[in-house]
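Visitor: Mind having a look at this structure? Questions to follow.
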Amino acid sequence: PKTVEEEESNFSSPLMLWLQQEQKRKESITEKKPKKGLVFEISSDDGFQICAESIEDAWKSLTDKVQEARSNARLKQLSFAGVNGLRMLGILHDAVVFLIEQLSGAKHCRNYKFRFHKPEEANEPPLNPHGSARAEVHLRQSAFDMFNFLASKHRQPPEYNPNDEEEEEVQLKSARRATSMDLPMPMRFRHLKKTSKEAVGVYRSPIHGRGLFCKRNIDAGEMVIEYAGNVIRSIQTDKREKYYDSKGIGCYMFRIDDSEVVDATMHGNAARFINHSCEPNCYSRVINIDGQKHIVIFAMRKIYRGEELTYDYKFPIEDASNKLPCNCGAKKCRKFLN
C-alpha cells in the first residue's frame, strides 16, 4: 500500500504548485546574505591597514589605534573632536565641493543643498490636449504694445548728476530763456514746440515701464512740454477706452475740463509717458492761447539732467475694489493712485 506522502506527491493542483514556489522563493531570499556596498580602506607603507563599510568607522578605528598607541607610550591623549570622515576625506573643502557639484548627475541629489552650482529646475511642460503643438491655434504670447521699443534696456537715460551746474551752454541759452517765466505765456508756448525735444526724452523707467526723463537742467517754473493729442468730447472717452482695450492698446487721455479731453493714444507726443508720483517735480496747467485750450507741463522745482519727470495724476478716491497701486517709490507715497 502507498504511504500518505506518496499519495500527496502524486496529487498536485495549481494552487499547491504556487504555494510551493512562493515558499521556495522566500527561503532563497532569507538565505541570501546582504551584499556589501563601498568598502573604505586606510593603509600605510609600514603594513598598517583598516577596512570598514563606512568612512566614519574607518577613521574612528584609526583614531582609536592612535589613542591606544599613545597610551601605551605614556603620552598625552589627543583630541579628535573636530575630526570626521568627510573632513578627513577632503569632501568638505571648498575647492573639492566646487568641482563635485559640477559632476554629471549632481542635479539628482535632491536632499543636498548646493553651495556653488545650483541646478536649474527643468519643469516639464504639460501634455498637449491635441497631441501636437502644430494642431493648436496660434495665440499671441503677450499683449501688443506699440511703444515697447521705448522701454528697451539698450536705450539708457542721461546720467543723473545733481552737482553738475555746467548746463548753461551758449547754444541753449536763448532757447531756454524763451520758455522762462520772464516772457508772456503765448511767446513761451510758441518756443516750447521747438525746445521740448531737446529738453525731455522717453526712456526705461522703474515706475511703470516707460517714463519721461530730463535731458538738460530745467529751472523752476519753466515750461517743459505740452500734452498734445486729439481733443474729443467727454462722452466719447468711454467708447474709445473700450476700443483701445479690445485691441490691447494702452490708453492715454488727459481731461481739459468737464466737456473736453485730450486723447494722446494714437496722436500725441512724449508727454503721454509722464508717470505719476506722490512727490512730483512737475505740475500741469491749462492755458488759453489764441482761443484754444492747451495742457502744459511746468517744472515745480529745478530738475536736473537724468531725473525722471513726474506729476500727480489727482485721481478721485475710490473704494478698495477699484484701487490702483502706486509704484512711485517716494518717501510719502500714498500706496494707491486713487
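Cβ coordinates come from backbone N, Cα and C, glycine included.
No curator has checked TrEMBL annotations; they are predicted automatically.
Summarising the annotation, TrEMBL assigns domain 'SET' to 198-314. Here TrEMBL flags 322-338 as domain 'Post-SET'. Under the heading region 'Disordered', TrEMBL lists 154-177.
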Visitor: Taking the domain 'Post-SET' (322-338) alone, what is its mean pLDDT?
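Guide: Mean pLDDT across the domain 'Post-SET' (322-338) comes out at 87.
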Visitor: For the domain 'SET' (198-314), give the DSSP counts of helix residues, strand residues and coil residues.
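Guide: Helix, strand and coil residues of the domain 'SET' (198-314) number 19 helix, 51 strand, 47 coil.
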Visitor: Per DSSP, what is the helix/strand/coil residue tally across the domain 'Post-SET' (322-338)?
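Guide: Its residues divide into 1 helix, 2 strand, 14 coil.
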